[in-house]
């Protein structure tokens, strides 16, 4: 096994449940009573293509040196010392406690890389705990449900990002993986060695009641704060004709048709050459953090002067960050020939932002409150698409059809072979295609796949990630076999 992860956190946050999920067996005792785990337990684990060792630890406790709790804490500290990285688990439903803060500081002092894991994220009320988790100083929380297996693709990505592909895909493990036979029937064995998960291919329905995080961005004076004030029905944010009044990222709670919304108003984002003051640089950085924390980002454009260079740069940033974009053409009340202007704006949207074909764009007047319901309907629909998951069976039946319709091209006299496709993540949708010679695959054929996915599975207007892998197993083959 190439690396070791220690699962740590205060008692009863779900550490042993996550341990069982990763090893594929119920090896650790799980109970609602704090302190069930007293010793550290180590076992081989598997998370999709990642093979590693995982250590389950006792819940961190503040205790006297001679007490049982103190000895449990010593075991946990030893596990942190032995591990290459730490999965610091919090209970998103219960929120952050003083104990979480105390032990987060201890983990930071250890100097070990950390993934902040927000467990029980499926529970109602967990969103507040997610927001509070940022105060621990351990980075962006990765929301999961260890009990139900939700969020495992995102946890896998977070581990790879933390340790780096070179570290987690070591050659000695790839030699083993290269010999594995991978077929659609084997998908259920990818999480854990012997896991029996009856819900493995069950695609959960979109939860339209779950709280939603929305960032509102745009050039200075595009009307972002005015829009939020109208949504909230109060003058919560300072507005005026002067560009750049908003200095930091301000959040506000809102409810739309019974759904809880967290709105982030951001400082106007200027070109780098125009960002001079230190305070303004910090404001723009704060806005970037808001984008990364948001799920959907509303790009507010001034309909009287839309699609300037900076508007396109902001949109490109949002797409590269993998967020779900929606355009609001603001100040629509100032437009005279609305039908002609709207047709022109739709044409420019499709032409200037082809990487998110079908991007939703809505004319509004933030000052008069016109078009806000229509805007929010499009926000919710875009969020649903951004969260969409497609079963492996449907994907590969579709793949057979598109290959039959348009076979992969021949490169250097040899036809490329496409073998298999699976979805490895959502938010945004991410897919892996197993093929021969991925480096030789023309980008035009990759776009053919992406455009086909959009059309067939109704996924307009969101970023779609598609990676090519060699080997029959789309998760293997990242390193060449030793000669």
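Glycine too: its Cβ is placed from the backbone N, Cα and C atoms.
According to Swiss-Prot:
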- 9-16, 56-60, 119-122: GTP 1 binding site (BINDING)
- 218-225, 265-269, 330-333: GTP 2 binding site (BINDING)
- 3-167: domain 'EngA-type G 1' (DOMAIN)
- 212-387: domain 'EngA-type G 2' (DOMAIN)
- 388-472: domain 'KH-like' (DOMAIN)
| query | In whole Å, how far is residue 121 (GTP 1 binding site) from residue 266 (GTP 2 binding site) when you measure between their Cα atoms? | reply | 26
| note | Taking only the CA atoms, the spacing between residue 218 (GTP 2 binding site) and residue 121 (GTP 1 binding site), expressed in whole angstrom, is 30
| remark: binding-site residues 221, 224, 332 vs residue 121 (GTP 1 binding site), shortest C-alpha separation belongs to 224
| message | On a C-alpha basis, identify the one among 9, 12, 15 that is nearest to residue 224 (GTP 2 binding site); the candidates are the binding-site residues. | response | 9
| remark: Students should find that the Cα atoms of residue 12 (GTP 1 binding site) and residue 221 (GTP 2 binding site) sit apart, in Å rounded to an integer, by 48
| request: For each of the binding-site residues (12, 221, 266), count the other CB atoms lying within 10 A of its CB, then report the residue with the highest count. | output: 266
| note | If you measure between the CA atoms of residue 9 (GTP 1 binding site) and residue 221 (GTP 2 binding site) and round to the nearest Å, you get 44
| request: Determine, to the nearest whole angstrom, how far the Cα atom of residue 15 (GTP 1 binding site) is from the Cα atom of residue 221 (GTP 2 binding site). | output: 47
| query | Expressed to the nearest Å, what is the distance separating residue 221 (GTP 2 binding site) and residue 57 (GTP 1 binding site) at their Cα atoms? | reply | 52
| request: Tally every other Cβ atom lying within 10 Å of the Cβ atom of residue 224 (GTP 2 binding site). | output: 29
| task | Go through 218, 332, the listed binding-site residues, and name the one with the sparsest Cβ surroundings, counting other Cβ atoms within 10 Å. | result | 332
